[in-house]
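A.B. asks: TrEMBL lists ASP7, ILE8, GLY9, ASN10, THR11, ASN12, LEU13, ARG14, THR126 with the feature ATP binding site. Per TrEMBL, substrate binding site is recorded for TYR94, GLY101, VAL102, ASP103, ARG104, THR177. Taken from TrEMBL, the feature active site, proton acceptor applies to ASP103. Here TrEMBL flags ASP123 as K(+) binding site.
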Amino acid sequence: MMMLLLDIGNTNLRWALARSEDAFEVEVARHSGAVPLDVLARWEVLDPPSRLIVGNVGGAAVGESVRRVAHAYWGLEPEFVSVRAAWRDLRIAYADPSRLGVDRWLALIEAHASVDGAVLIVDAGTAVTYDLILGDGRHLGGSILPGIEMMRSSLLAGTQIPRIESEPSGRSWATDTGSAIAAGSVQAVAALADRLFEHLAHEAGAEPSMLLSGGDADRIASAIQAPCEMVPDLVLRGLARVVRELS
Ligand SMILES: Nc1ncnc2c1ncn2[C@@H]1O[C@H](COP(=O)(O)OP(=O)(O)OP(=O)(O)O)[C@@H](O)[C@H]1O
Ligand SMILES: CC(C)(CO)[C@@H](O)C(=O)NCCC(=O)O
Ligand SMILES: [K+]
């Protein structure tokens, strides 16, 4: 029996078929509040999945679109995962855990299960989220920044700065507008990662691990000084793990 796993962010939808334990290939598509046409075309020719498991932070409209498609294609009711205050030894720091994005919770589950000791998770997508967890499963909390693209677009929307596209040069300062903006956003995201890494090391009393995920992970990786590991499918892996242990 095959499960379809779905991680819906504010910009992109990631999906994978969980055929066996954890061998799956991830596909990414931009959504605009509905299941995009190229994904529909792929799903149309799938063997009907036995379950459809969804982590959704992309809003009610795209969730409803997934529900309609699942009914129409497979007569299946999607299972939307929600955050639990405690899951095994993982305890969420938020006073109201339901406020924590489910993508962050799934990333925490996977990070804690797959890494010994304290972990800093950096998920750089539409927004950038940071989560700190100790080796005993205690979540300390986190931080949220606008994503790199959003930093740039909000800066340009709120000023008269001319629109000049540029990629950062790898240095933390620049000598032209486009590179200065690109450098600013990438360095901001990376610098907060390094700062939180230091704070977590202090809290944990040992060197933590850092996991990097999200569409902008490779844009920020080289600007981060602390050692970090890329895990592009962290949220989907967390989803696969939650379902395995739920059923
Ligand atoms: N207009 C845009 N708004 C936001 N992000 C954009 C835009 N255009 C391009 N991007 C880029 O799209 C990618 C989105 O990353 P990713 O796929 O990880 O996000 P997501 O999972 O949809 O977001 P999130 O989980 O933060 O809601 C990033 O590389 C981001 O910089
Ligand atoms: C921050 C995002 C958008 C990142 O995907 C998502 O995790 C979310 O909508 N979170 C809710 C707010 C919070 O986590 O505190
Ligand atoms: K994400």
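Including glycine, each Cβ sits where the backbone N, Cα and C put it.
Are these features on the surface or tucked inside, and what are their neighbours?
C.D. replies: Proximity of LEU13 (ATP binding site) to non-local residues of its own chain (separation of 6 or more, Cβ distance below 8 Å) is seen for LEU6, ASP7, VAL28, ALA29, ARG30, HIS31, VAL35, PRO36, VAL39, GLY58, VAL62, given in sequence order. Secondary structure at LEU13 (ATP binding site), as computed by DSSP, is strand.
Look at TYR94 (substrate binding site): DSSP puts it in coil. Within 10 Å of the Cβ of TYR94 (substrate binding site) there are 15 other Cβ atoms, across all protein chains.
In the three-state DSSP classification, ASP103 (substrate binding site) falls within a helix. ASP103 (substrate binding site) counts 30 other C-beta atoms within 10 Å of its own C-beta, drawing on all protein chains shown.
Around the Cβ of ASP123 (K(+) binding site), a 10 Å sphere holds 26 further Cβ atoms from the protein chains shown.
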A.B. asks: Within 10 angstroms of the C-beta of THR126 (ATP binding site), what count of other C-beta atoms is obtained when all protein chains are considered?
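C.D. replies: For THR126 (ATP binding site), the count of other Cβ atoms within 10 Å is 18.
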A.B. asks: Helix, strand or coil for ASP7 (ATP binding site)? Use DSSP.
C.D. replies: strand
A.B. asks: In angstrom units, rounded to an integer, how far apart are the Cα atoms of GLY9 (ATP binding site) and GLY101 (substrate binding site)?
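C.D. replies: So the Cα of GLY101 (substrate binding site) lies 10 Å away from that of GLY9 (ATP binding site).
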A.B. asks: Can you tell me which of LEU13, ASP103, ARG104, our binding-site residues, come within under 6 Å of ligand 2 at the Cβ?
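C.D. replies: Going through LEU13, ASP103, ARG104 in sequence order, those close to ligand 2 turn out to be ASP103, ARG104.
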